Each structure stands twice: as C-alpha cells, then as structure tokens.
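Chemist: Dumping what Swiss-Prot says about this protein:
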MOD_RES   Met1  N-acetylmethionine
REGION    1-24  region 'Disordered'
REGION    1-30  region 'N-terminal arm'
DOMAIN    31-70  domain 'Beta/gamma crystallin 'Greek key' 1'
DOMAIN    71-117  domain 'Beta/gamma crystallin 'Greek key' 2'
MOD_RES   Cys82  S-methylcysteine
MOD_RES   Cys82  S-glutathionyl cysteine
MOD_RES   Cys117  S-methylcysteine
MOD_RES   Cys117  S-glutathionyl cysteine
REGION    118-123  region 'Connecting peptide'
DOMAIN    124-165  domain 'Beta/gamma crystallin 'Greek key' 3'
DOMAIN    166-214  domain 'Beta/gamma crystallin 'Greek key' 4'
Amino acid sequence: METQTVQQELESLPTTKMAQTNPMPGSVGPWKITIYDQENFQGKRMEFTSSCPNVSERNFDNVRSLKVECGAWVGYEHTSFCGQQFVLERGEYPRWDAWSGSNAYHIERLMSFRPICSANHKESKITIFEKENFIGRQWEICDDYPSLQAMGWPNNEVGSMKIQCGAWVCYQYPGYRGYQYILECDHHGGDYKHWREWGSHAQTSQIQSIRRIQQ
C-alpha cells in the first residue's frame, strides 16, 4: 500500500465538543503523534499535534500502530473519547498490544486520542480517599506505586481522588495491569468524587496500582 504522509497544523484540526481536553486555542504545545493504519508503522500515516475525536473522519478505519514523538497522550477504544483508555507516552507502539498489553483485556481498537496537557512527572500529587465524596482514610501520593496494598493502603478499592497537580494513570490490578484510568488536575477541577467519573468504561472502584504520567 502506498504510504501517504499528511501533516496537520494545530489550527486545521477539527475542534471537539470537549474543549477542556484541548490545548489553549492558538497555542502549539509540545505534542506530536503519528498514527498508521497498519501494524509496524506501515500503510497510510498522519501526524497530529492536537486532539482527534474520530480517526474515521481522517479516513482511518482503526489505528494499528503509532509513534509518540512529543508529549503524553491518551487513546480511547471508541470515538469521542469514550471506552477504554490507554496512556501513550513517548515511544513507538508497533501494534495494539504495545499500548494495551498490560491492560489484561484484548482490545485492538483505538478510534480517538488527545494530549494530556497537565502531565508533569516531576511535580505530581494526588490524594486518594477510602470512600466517595472525599470521606474516610486518605493518603497523599507523590510517587509511583506498583501495589497500593503493599505500601499500606487498607483494601483494593479507592472511593474518590483529588489531583492537586500533574496527571496520573490508575490501574485496576497491581503491577500496572487491568483497566487504565487517566486522571488529570485540569479535569473536574482535579476532583473525582466517584469512581464513575474516572471514565465511561469505569465499572468498579478497584484501584491497586498508580503512577505519574511522563510528559
């Protein structure tokens, strides 16, 4: 298949109804991602520097490999930033299991994506709470934890969270496995009162590992 290279400038990309997920209008942030319609960086490709709510609008039926050249991104299983989430940090992803292999679920679709504007690995802080609405035991975290329970958290669930700065990815299971939840200080005012606010795919309050997202 003939390779087609298409470069899009920030102002030429489609706007999204979720305005808070985009960089400030007129700014060009440190974000760049290249997607391919075939595995191993083959086939048609396209570069983005801002959000894409639907790759099919760019004549892609799916994203089968990608390269993150600048910044941190989050990919979604479905269009309009819905479904399972996949954190995409700088590097190469030759096929779907490179971004969802640790997810423990077989998901080959990636239909939308956006930059994580608040990612700041050096200055990140989150407070987790035992119950919903910031009630119960609380724990302030500024580092990565492959197992919350091993570090003293009393159970395998988190009721609510406050993101003071940075962006975090929380995982359903220890060792950064299971469903991924991307939580950012510039979404919901940094306050996630209930596990249903973690994402459209959230089905449980189970969180057992957590780490900072690297910009």
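Using N, Cα and C of the backbone, Cβ positions are placed for all residues, glycine too.
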Chemist: Grab the same-chain neighbours of the domain 'Beta/gamma crystallin 'Greek key' 3' (124-165) for me: Cβ-Cβ under 8 Å, and only residues 6 or more beyond its ends, written as numbers and ranges.
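Modeler: Beyond its ends, the domain 'Beta/gamma crystallin 'Greek key' 3' (124-165) has Cβ neighbours at 118, 174-176, 183-185, 190-195, 204-213.
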Chemist: Given a 10 Å Cβ-Cβ cut-off, pick out the one of the modified residues Cys82, Cys117 that has the most other Cβ atoms nearby.
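Modeler: Checking each of Cys82, Cys117, the winner is Cys117.
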Chemist: Please report the Cα separation of Cys82 (S-methylcysteine) and Cys117 (S-methylcysteine) in Å, rounded to an integer.
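Modeler: Just about 18 Å between their Cα atoms.
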Chemist: For the region 'N-terminal arm' (1-30), what's the mean pLDDT in this predicted model?
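Modeler: Mean model confidence (pLDDT) across the region 'N-terminal arm' (1-30) is 38.
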Chemist: Within the region 'Connecting peptide' (118-123), how many residues are helix, strand or coil going by DSSP?
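Modeler: Residue counts for the region 'Connecting peptide' (118-123) by secondary structure: 0 helix, 0 strand, 6 coil.
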Chemist: In terms of Cβ proximity under 8 Å, which residues at least six beyond the ends of the region 'Connecting peptide' (118-123) contact it?
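Modeler: Beyond its ends, the region 'Connecting peptide' (118-123) has Cβ neighbours at 71-72, 165-167, 184-186, 212-215.
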Chemist: Please classify the secondary structure at Cys117 (S-methylcysteine) using three-state DSSP.
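Modeler: Its secondary structure by DSSP: coil.
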Chemist: Summarise the domain 'Beta/gamma crystallin 'Greek key' 3' (124-165) by DSSP state, stating how many residues are helix, strand and coil.
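Modeler: Summed over the domain 'Beta/gamma crystallin 'Greek key' 3' (124-165), the classes give 6 helix, 22 strand, 14 coil.
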